[in-house]
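Notes for the one structure printed next.
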Amino acid sequence: MRQRRVRAAGIAAAVVALVAGGVSVLPALAAAGPTLAQVATARGFSIGTAAGVKTLASSQWRYVADTQFNSVTMGNEGKWDATEPAQGQFDFAAADFIADYARTTGKRLRGHTLVWHSQLPAWVSTDRTAAEQRQVLLDHVTGVAGHFKNKVAQWDVVNEPFNEDGTFRSSVWYQRLGEDYIADALTAARAADPAAKLYINDYNVEGVNAKSTGLYNLVQRLQARGVPIDGVGLQAHLIVGQVPSTLRQNIERFTALGLKVEITELDVRIPLPADASELTQQAADYRAVVGACAAVAGCTGVTTWGVGEADSWVPAFFPGYGAALLFDEQWRARPAYSAVVEALGGTPSVPEPPATPSLVTVASWPFETGLAGWGSRGSEVTTASTAAAHGGTGSVLSSGRTATWQGPTRPVLDLLTPGKLYTVSAWARTASGSGTARLSMQRQNGTATRYENVSANTAISTTWTRLSGDYLFLPGATALSVYLETTDTTGDLYLDDVTIQTEGTPTSASASASPSVSASVSPSASRSPSASVSPSASRSPSRSPSGSPSVSPSSSASSGGTGCAVHYAKNDWGGGFAGDVTVTNTGSTAVTGWTLRWTFAGNQQVSQAWSTVLTQSGAAVTAVNAAWNGTIPAGASANFGFLASYTGGNTDPSAFTLNGTACTLR
Ligand code: XIL
């Protein structure tokens, strides 16, 4: 990340250094200063952020996190509901994703959290004996900490065990097992991963108060019994202007016991809208917290609970508050950023925010010409309909529903790339009445099935409701489908204009691209075969013939003089290739909605395509426009790309038709 120095002294120092080195570079470039992570790393300090699978798949989040933080904490993915949703059935797909990120970027990993009263699946609290409950706890700690053995530097073994008055929170653990659940969890964690440092973590324990004294007394009792405990985590979810004056004193009383201290979930929330003086006060608050920790040898790191506004939990959990983290809505550094750098002894240089990524449509279903692979979920009947349409004249109708979960569905495993973030959108409408429509993904991972909601909204009969949300496709899936359901059990339901989009190839910070037809060129042109072929090549590229949209040429052909020319280019690396297709409208009127068909000459098999919805049946290929590039004005072109494998020869196709009309080759 490029950094702008904010201090004249910094610029002067940089220029001097350059002159001394005899290097001739522009001062603007020379002014690049160290990042927050570099400042922290230089003094052996950890500066972390909570990470989530969704934030991790955002190129903008990564752009900031990669360079500004040297530690990450599992935000939600290490919690019980994520790791052991059903008894004895562990699911580490999401948490592994974060652990892999930490490993590949060289960041320290904090595990969060093994035993907590919140985000527990219901089965944990069902009626059972104390001995059984203890076994549930031990199995979980052993299973999760064992899975991450030698990968996690610190575990929040027990989270939030205290009430505000310093007594124990009346959780299912304390009710059924008493105080000993804490020692049991710590002992099991040590056995499962001897290298991990073990922490008890809580909020409102930053200053010296009744709650932190409860924690202080507990850790002394544990130490006296020889129970493994390495540190305490002070969450530090603070309100602007309210850093406890006893913070440093409190940190010191814990380190005096031989324990480490970490600030684990720092944010400083401001009543919205935040004004300049509040942001200045917030900077002072961040400086005070980081400074207090950095001043005590046993206080080893500070983690903020997210990077920017987009991944902050504050707006949702503290209505009316926000602006709590170091970066804002557009990933620009807030004044607190420079304050934290200074608190760690660095000279601040404000980082440039990342560019807005371009969006590429990987699939779209306008339902103008049939179901295109959509079918029934359950006993309901999914049919193509022209009784209602959001765009054009066609949609999908789900009728004969007998349960809320029934509705239209389509397999999409072959369309998505594991580890990528997608935006999934659709329009829903009821035939009568209303209900909450839910657009979701069903992900199969071996025998485990996950139902992951993308978007929910009230659907009514008089207008269309948009459903749109992010979906991170985790690695390891054996089946994946998108589906629509509604809380109205029996009502008929319409679905239309479903699209799946993803970020294009990351752009540099200075080159900002917005979604447009021109954006379709860059992903294909800049895609390196080695980088993009492996995820798709590892999966079966088969597509069912029924998935092919049956486009009737007459319905979408241009009405005036028609004509087309196709340029087919490929980048072949032996056994696989990237195809790049440009179709030009040589007619005299615009083409509105296009279908380009060709037949491969050999046994080429497409595994992935972009800027088009491409289906293949045998050697026959059907490429339909994406939602945003359906119109080709007279004389203009549309471009799309694909990845394919082959054996034997890779001869180019010799004939193409656009909406049923033969094209010339260019
Ligand atoms: C929060 C997450 O940030 C939210 O996304 C989630 O919905 C609720 O939990 N203390 C903790 C964290 O220890 O795990 C909590 O994280 C915030 C409070």
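Quick reminder: no glycine exception, Cβ is built from N, Cα and C everywhere.
Residue density at Glu265 (active site, nucleophile): 25 other Cβ atoms are found within 10 A of its Cβ, drawing on all protein chains shown. What TrEMBL records for Glu265 is active site, nucleophile.
The feature compositional bias 'Low complexity' is assigned by TrEMBL to 508-559.
Here TrEMBL flags 30-343 as domain 'GH10'.
If you look up TrEMBL, you'll see 557-666 marked as domain 'CBM2'. In the predicted model, the domain 'CBM2' (557-666) has a mean pLDDT of 84.
Under the heading region 'Disordered', TrEMBL lists 504-559.
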- Query: Using DSSP, how many residues of the domain 'CBM2' (557-666) fall into helix, strand and coil, respectively?
  - Reply: 0 helix, 62 strand, 48 coil
